[in-house]
């Protein structure tokens, strides 16, 4: 599944300190290597889009201007009600920003937190809405341009982030607001870094950023129709899949706290909480996480969560690990309490929300102000990785859990391998069914195809859920990069057009994500050339060998170079990290043209390999496998460093009829034949009957004449 990649600040790869070598036997093999993770602007691919720079004059069109089929403009009642709230006591703002995030900067969020989708009608996972007293604009990236065109009403201006001349949200606000205006946000929905960046940007026109702690304006107009917060029970993640128990993880984390001069850390990213506590939930669609905050101190830990989700077994699990329970909504009062105790709190300002960070800073100032400067004589905490000085008894550094979670231990990798093979078996059963139905001229909608794939997957051992909404797209819909078919509007799968299927699953032992593009009839020369060049990029990245400490952006051009040769490209990242039985999009690593991400690819990390090509209103092509980073034995070790490469986790055939063999080198044909041999050897033992026969037919070797 495609993602845009992240925008962290540089991180230098350093040599391992000998006093941390004992970590290597556990699942924190990189904590000793990187004392701080790169400072991400936000940690999810759908971060508030605030930093795309414009290169020419600012131009933008309303949604109605760019729609092919115009409709009569209707007054937007939601916008009217929202604007009415601007002038109520305690608010008094001139503009309001609605991001996609929840309070934990999640990519996928519970329905009750889909405020931007509710107010705008645009349902893509990435985007930021900005409403002033007389204008409404929505920013999204290239994955969603076509979707946004369809979903936004004429009341909205579509801002295509990344295109020449498109302003950032702050640039637009500075342009349309009169000097000295007040811009409101819900501080729970912005990371501290994002809020500070926004505050600084709009201050250029003397605008004030207003934190509305106690009132989310969208929630006010959503009212009784707003869905209730999720409260499904959480479950334990078995040690045989986790590979390391909670006590060991907490012990290693506390060592990090001591080394950083901190006495407690706030963990707000949901997958970090789940990973650290070996718990899984179902609060968020497709992501096995639960809404919670975790504060780990040197001698205790507190989990802020809705108690109704905690079963007796989970309660015992937490007690055995020394975890105390607190109400989810008591997090700010706990932060105030810690500040009053002069706790040196570790805050990752790239992910912890502005409400928490500002509460800590203001409480610390009140405490030191009323009791004298208790920190006098102590050196202020400072982290050179993000340039923020403490001064509030705080340690402002990247979370040590992010990289540790990204580097999979043996048990996690084994679970990923096993789940991918079962997933491949389900896909083989699905593809033979679909091809049979299409050849019998059965009319199937994109939704019916997606539902049938879910049926096959759900029969596999350990299946829990899909890992994202399946992208089942025929013809022109394939050009909508994050297309989601809807029952009332989806197309019938056309045997004469390309069909793109991007899907994945959550299993008890792993997370999958795979894309295949096929043609059920006879592809034309243009489709074959584009498909083959995408395949060549996929092969080039798969075969890449690179020095240790290489950041993912260095490899991005491997996947694009064959398209570039004929003047083609694609508007998304080439690879994202993937969690082990966790989020399908996981940072901090990525393979993307976003060259700001200096996170090194490390042994044990998992990334996707998914180049593509899309022609608007015509077709889309994408080929995606998951890979894990492994050591490579090279004949030389220039500079004394080791070299790394990739090993495949995904084993599903790539359709040969779409390949123009004249474009492939002998080495590329050999790669494909070797891959298909592995697919047959690994997956055929899990199949019988027609599915096994289909796999045999689709893994036969190609011969380049």
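Cβ atoms are placed via backbone N, Cα and C, with glycine included.
Annotation source TrEMBL lists domain 'Creatinase N-terminal' at 92-205. Taking H, G and I as helix, E and B as strand and the rest as coil, DSSP gives the domain 'Creatinase N-terminal' (92-205) the counts 41 helix, 23 strand, 50 coil.
Feature annotation from TrEMBL assigns region 'Disordered' to 364-395.
Annotation source TrEMBL lists domain 'Peptidase M24' at 414-631. Regional average pLDDT for the domain 'Peptidase M24' (414-631) in the model is 97.
Helix, strand and coil content of the domain 'Peptidase M24 C-terminal' (642-702), in residues and according to DSSP, is 36 helix, 6 strand, 19 coil. Residues or ranges marked as domain 'Peptidase M24 C-terminal' by TrEMBL: 642-702.
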